[in-house]
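Quick look at what TrEMBL lists:
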- 12-33: transmembrane segment (TRANSMEM)
- 45-68: transmembrane segment (TRANSMEM)
- 75-100: transmembrane segment (TRANSMEM)
- 164-186: transmembrane segment (TRANSMEM)
């Protein structure tokens, strides 16, 4: 069977969903590991990452079952969900790559003010105190408090923000193209007939 036929399309779609399963388990594992070892204390961050992992695992499971059984209904819903995820992820990835320095600073400040636990995680990891100005009167878990050598976290975050956003945007674009590939493979696979069944049967 040449590539592009039933078997090849089935194997390609199955392999793509196995990749999604691995990525989803990695997301769940990293989030749980970070929480277990105290690297991230924010419940909302951990829950968000685990939620994304579980959702991706569910989508991959639907796609894998649909591919293995050539199930028309499962493949249809998988294709629709994957396309919606593609549109959302592609938009977010483009936004990450298009943000200028001022917009990055505004985004950092919004994220900083959203959670006190996130603030403490950043201060402890980057050894800084406060966002735009150093305030040693507040409870700051950074090591630099002992010798009053702390700098503001904004100045440190800004040096990494651009690279991180470009990395996230690039990875997001890569996976968004794998998703549109999955949509195309699913659409093609749904319209192929299984050579092992009755050639006159409706699929």
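Each residue, glycine too, has its Cβ placed from N, Cα and C.
Nobody curates TrEMBL annotations by hand; they come from automatic prediction.
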Beyond the flanks of the transmembrane segment (75-100) by at least 6 residues, Cβ under 8 Å: 59, 62-63, 66-67, 107, 165-166, 168-173, 175-176, 179-180, 182-183, 186-187, 189-190
Positions on the same chain near the transmembrane segment (12-33), where near means CB under 8 A and six or more residues out: 39-40, 46, 49-50, 52-57, 59-61, 63-64, 67-68, 175, 178, 181-182, 185-186, 189
